[in-house]
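One structure below.
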Amino acid sequence: MLLDFTNVLTHNQGQFLHHKFTTSFSIILLLASFFSSSSSKSLSLLKWSRAFTATSTGLLSKTSLLTSRNISQFRSYSSFSDLRNQAVGSVEQASVEKPPESSVVVVTGASRGIGKAIALAMGKAGCKVLVNYVRSSKQAEEVSKEIEAYGGQALTFGGDVSKEEDVEDMFKTALDAWGTVDVLINNAGITRDSLLMRMKKSQWQDVIDVNLTGVRFCTQAAIEIMWKKRKGKIINITSVVGLDGNVGQANYSAAKAGVIGFTKSVAKEYGSRNIIVNAIAPGYIASDMTAKLSEDDKKKMLEDIPLGRFGQPEEVAGLVEFLAFNPAANYITGQVLRIDGGMKSSN
């Protein structure tokens, strides 16, 4: 029952720097669980595993998988059972969502639609929420008042995420008020639909600037804060259009697909700093736009959705809340979660 692991990569933080090895550490941990009643047996198993690794691969002890820092941390446990119990305890605790009363959350594009639902969900959870908007100041103020009615704290900030100076001012506002930023929700987005042959340069660029470059600016600003405290959550609202494409939305599809690649890359770059980055790809969500559709258009759209209905903004907000605060989501990063009622892909 041995797994052959090869080409162990060098981690950019210096955590791993080793050659090939032919023993499965995870299987050793599994075997160790049977010896949890005896620390001496567990320690014997540790010695056996080291000896087996050396003889089966010809590696010297200095090329062990564990670095000296990790070995020191590992030896702080009295036995393998301690490691096992800690992991099991973490999973058991994950079933209980911790109240994030002290969490500071920035939500872009939060004056209406999905962004509004997310901001309100954060407020209901007791968070301090910065409600970003571009033009809808009255609607943004109403969102803030609702958050305060729930017992949360809120600030409104008018700013264009495609403008770096606006983003810098937005995060400065959050820092001045609350001292930190714990969670960033990149939700702001626009559409400029047109068939590609008729699409103007401005239609293309406007969508890229807000939907993709805006995500970059906000994420960079958030990471500067999260990097120092070695903790943070970033959730990017993309779209199934970024995965499947859509007629008349080449610009929007390109931007949202870019957000998906961006999400995966940033998750890999900053995972070692405990900064967790994920994306959510909503399908057809009930909105002012869907309300204006004819019954025939609605029927045609619903034919592609096995659940037979449009999603609700609150359902997207619930998934955001799970990723942001539920301990069960702390081992999820670099992922794209579809929330589309099982909508058929064109692929």
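Note that Cβ sites are derived from N, Cα and C of the backbone, with glycine treated the same way.
Record features, source TrEMBL:
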DOMAIN    103-288  domain 'Ketoreductase'
BINDING   Gly109, Ala110, Ser111, Arg112, Asn187, Tyr252, Ser253, Ala254, Ala255, Lys256, Ile285  NADP(+) binding site
ACT_SITE  Tyr252  active site, proton acceptor
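This view paints the features noted in TrEMBL onto the structure.
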| residue | record | DSSP (3 states) |
| --- | --- | --- |
| Gly109 | NADP(+) binding site | coil |
| Asn187 | NADP(+) binding site | coil |
| Tyr252 | active site, proton acceptor | helix |
| Ile285 | NADP(+) binding site | strand |
Chain-internal residues near Gly109 (NADP(+) binding site), provided their CB is under 8 angstroms and they sit 6+ positions away: Gly115, Asn132, Tyr133, Val134, Val161, Asn187, Ala188, Gly189
Other CB atoms, at most 10 A from the CB of the residue listed as 'active site, proton acceptor': 24
The one of Ser111, Asn187, Ser253 whose CB sees the fewest other CB atoms within 10 Å, among these binding-site residues: Ser253
Tyr252 (active site, proton acceptor) and Ser111 (NADP(+) binding site), distance between Cα atoms, whole Å: 21
Sparsest-packed among the binding-site residues, when each Cβ's other Cβ atoms within 10 Å are tallied, from Ala255, Ile285: Ile285
Tyr252 (active site, proton acceptor) to Ile285 (NADP(+) binding site) - Cα separation in whole Å: 16
Diameter of the NADP(+) binding set by C-alpha atoms, the set being Gly109, Ala110, Ser111, Arg112, Asn187, Tyr252, Ser253, Ala254, Ala255, Lys256, Ile285, in angstrom: 25
